[in-house]
Each structure stands twice: as structure tokens, then as C-alpha cells.
């Protein structure tokens, strides 16, 4: 037993992120793994196929559920865009910046479950998973309540950042109506990760698919039929997200997870401080990246022709965010696969899962690069009929395509860190690449060199390179929890 434990520890001490999982050393690891089975190339192909199946069991439903969830926001912006340019800018500011700030923090905090539940599932400690989810509910609900003043004082905050009084007033009114949406994050995110870590993403997919159908109908009813305007748009998002939360909880509590859910437990109130620390590290890791996009919107609001600039950038970021649901699904899938393998004491398997996930995500990124370049003058028609905005988006299309391509790898590397419990390292990387390099460069180019809305889109494409370079050259010593 002692020898086996030592081998487990040594197996976990693997540089999972070394060389971005694409160096000669990495592929030697894969070849060695294949040779262990004695089948050469055929065995390697079989291993890749088996790992791909395990990965896609997580990733495919995750892509569907994430794209569907994001599509609710896209539908919301599409309805707002047809109300007018100012309405589109207001809903973009309220949803992308105000809601987005809390979304990024709480989504990141919930990713602590990917580390804890993923490794617990790999170690077959199923009873711990339900307790971990309940702790996450407690921590995220407390965080959500602390963030409420941001919604009540959104207009004042937007005015302080230099937004126009008319835009700030409209966005501030809408932000208050988004409070139920904000509170739903505290329940949905832990439920999704709880199911994801036990390979039950199909429940997430089914719930979000049903919620999308509800959202389309309610959006038409409130906005087109009853003419509730921006308030109606906010109400539809509130209703759709809470419907998703209700369906997921019903699945979990009504027998969908008999091994991992045994009802509410007092144990959830123990060990909260350690959970808060890991959740905070996870939240900082993801929210620093998520908030960066919100800051770009705020900076764009200070440019000349702010409404047009915000509209154009919002459309590009919506398309980018839509496609980003795929790499983010690989982020989730990689985190779960790495955590499962490390929980089982298989460090080499975690490294192999990283390689397969990275290559697959990159191939998909290349496909969407070609698609955006080919449809550079057409994809914005989904959101607006304004000729000025369409022209502005067309000018940004190539930069958007490269943003999508570069973003296909970085989330996978972050997923490795999550599965390994190294969220704090990624937080430091994000601080350096996004805030010490990206934003100061954007301010310099935008206001000193007068490059306008090209600046934030260029920043989106460029910042991923140093971040990916740093992550891929980092070497992690992974230990099991």
C-alpha cells in the first residue's frame, strides 16, 4: 500500500501545462502511454478515441447548454436592437457590464466545485459532492447579497465612468429589474457544476433547451405583443433563468443523483472558511478575465459616437461570447477530466486528457475563424439594420476572427489549473496580461492615437497571446486533495 501511495503521488507530480501540451516532450508522453499497451500507433489511436469519448460526454452537452444559455442573451439583445440604437446600448451596458460583473465573479466562485467535486468523484467519495454543492450555495448567496448595491446604484456608477446621462439613466433603470437574474446565479452555477462533475451534463442540456423555448415565447409576448419595452426584456431573462434553476433542482432532488444527493445536511455549514478561500481564488481567476470585457465596453462608451461604438463592439463581443461557449465547455470538460484522473491518482492520464482537449479545441477554433472571415459583412444583420453599425462591425470582422482563434486554447489551459486546484496561479496570469498590459495599451491607442473602436477589438485578439504563452510555459506540481 505504501508503495502504491508513493506511485500515486509521483504520478500526480506532472507538469500538466508544460509547452501548451503541444511540445515534443508532450507527444513523447502520449507515445509512452500508447506503448504501455503494446499496440504502437493503433493503440495510440484507440487511446485518443477513448479519451475523446470521455471528453465529449462532458463537452457536447456543455456546449449545447452554454450556447443555449448565451442565446438567451443574444435574443435579448436582438429584441433590444430593434427597439432602437439607444435601447440596444442601454441593454448592452446593463446586461454586459452590470450583470456581467457579478456573473463573472459568481461563475468563477462556482468553479471551485469543479476541483472539489471532480476529485471527489474520481476518488469515489460520492457523498461529499452534495455537501460541497450546498456549501457553494451558501457562499454564492452571501456574495450575491453583498453585490446588490451595484444594481441599485448602477446609474451613478455609470455616470462616474463617463457614460452619457441619457444612456446611464436608461441602463440604471434596467439594471434594477435584473436583480432576480443576479440572484439566480447563486443557485444555477453550483447545480450545473455538481451535475457536470458526475457526467450528467445531459440534465443541464435538457433544462436549458426547455428554458430557451420558454424564453423565445415570453420575449415575443412581453416585447412584441404587450410592448413592455426594456423592462419586458429584463423580465424574460429573469423568468428563463429561474425556470432553469427550478428544473435542475427538481432533477437532482427527485432521484436523478441517488449516490451524490442525500438531502440537505448540517455538514454544509462546517468548513465554510476553507471553501470560501478556494471559491474566492476561483472567482478571482475567472472574474478578472470576465471583467476585462466589461471594462472594454465602458471604455468604448467614452469614444466619439459612443452609441454606435458600443453597438458595434457589443455585437462583436456577443458573437465572440457565443462562440466562446465552445472553448468554455472544453474548459469545463478539461477541468473535470483532469480532476477525475488526479482523484484516481493518475497524473499521466490527466496530462493525456489535456493534450486531446487542446488539439480538439484548436481545430474547432480554426473552423470558426474561416466562418467569420467568410461572413464578415453579414453576421451583424442578426442584431441591427443600422447601416452605420453594420459598416463598423464589418471593419472589425477580421480582428474578431483572430480573437476567436486565439481564445480556443486559453480556456483549456485554465481548465487544467481548475482541475488541479491551482486557480490562484491563473489569477496572477490574468492580472498581468489583462490589466497591466491590455487595458493601459488600449487607453493609449484609443485616446492618444485616436484609433476608436478598433482598439478594444484589437485588445481582445492580442491579450490572449501572452496569457497563453505564460500558461503553456508554467509547470505545475499537482497533489491530490
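Cβ atoms are placed via backbone N, Cα and C, with glycine included.
A TrEMBL annotation is a machine prediction, not a hand-curated record.
Taken from TrEMBL, the feature transmembrane segment covers 55-76, 88-116, 137-154, 174-191, 203-222, 228-254, 352-372, 425-449.
Contact count against the transmembrane segment (203-222) (Cβ pairs under 8 Å) is highest for 228-254, out of 55-76, 88-116, 137-154, 174-191, 228-254.
In this chain, the transmembrane segment (174-191) lies out of contact with the transmembrane segment (55-76); the count of Cβ pairs under 8 Å, excluding pairs fewer than 6 apart in sequence, is fewer than 3.
Put simply, of 88-116, 137-154, 228-254, 352-372, the stretch with the most CB pairs closer than 8 A to the transmembrane segment (174-191) is 228-254.
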